[in-house]
Amino acid sequence: MNVSSVTNVTVVIEYRDSLTKAVAKNVIVVVLSISLNYIHVGLIHTFRKHQIFYMNPRYILFFHLVVNDMIQMTLTVLLFIISYTLYKINVSVCSVLILLALFATENTPLNLACMAVECYIAICMPLRHVQICTVRRTLVLIGLIWITSMLSVLPDLFITLATEPLDFFSSRVFCLRETAFPNPHIIKKRDVTYVMYLVIVWLVIFYTYFRILFTAKAASKDAKKARNTIVLHGFQLLLCMATYAEPLLMTALLQWFPKTFLDSLFACYIIIHILPRAISPIIYGVRDKAFRKYLKTYLLCKVSTQ
């Protein structure tokens, strides 16, 4: 583990919030997560109840994104609460929670890139869209997203199993990626992987955006809407990809704001892990006419039955 990583982990573990501040932070996180998950459940229910969405690759990818967001947010909130209540937990339990959270976190930018490509094909190659974007290929693509994330994350576990003694897994630690998987080679691998993710995914986003932008100049209403959707995907992706810059950001925050480091970390947690999950409902729950129509019906039915 490099010096900056050791310093960051030490500060996070040793410095604690006051009781009032800790309660306030946990309440904010829990309220936000429950509110967003409630909206996500409404989106999932709307998808499941209407077969029209089952045959559309765009909505299948969106459904996967929403479910993945729910998993990611639930796990990160659970880890957040554990850090304040239990403080230290068994390494084996911590490793499982961290791995699952990492799978879901790394799935998000890949899913957004796939949605951008689907949008590009629909606008720029409309005659071939039906042949290229089939339900079967979409499901295979989702499988590849998970395989890619697993291939990126699982080496952390294998390296730790090979280098740490067995009693390490029965010890208790403050649950962070750096404490569950402490080998310094894992940090180097993570940095290389994150740079690759940043380059590849942003190339996809920029390419699809500018191709759709040129198509939109032909005054196609659908093309202009697709362009705006890609912009929102890009903003959502920017927030998600901030996860990859988080280690560098933590080091910078510690140097710039040493007295308010924990508060800065909390703000980063909200911006990086919570806020991106609020954008998916805006893109498809509000902007998409077809989905908005059925979602509105679902919400009105819920209100009338209460």
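Positions of Cβ are set from backbone N, Cα and C atoms, glycine also.
Worth saying up front: this structure is predicted, and the values here are computed from it rather than measured.
Residues or ranges marked as transmembrane segment by TrEMBL: 26-47, 59-80, 87-104, 110-127, 139-162, 194-214, 235-258, 264-286. As annotated by TrEMBL, domain 'G-protein coupled receptors family 1 profile' applies to 36-284.
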Exercise for review: Mind pulling out the one from 26-47, 59-80, 87-104, 139-162, 194-214 with the most Cβ pairs under 8 angstroms to the transmembrane segment (110-127)?
Suggested key: 194-214
Study note, to complete from the structure: Counting Cβ pairs closer than 8 Å to the transmembrane segment (139-162), the top stretch among 59-80, 87-104, 194-214 is 87-104
Review point. In this predicted model, what is the average pLDDT of the domain 'G-protein coupled receptors family 1 profile' (36-284)?
Key: 82
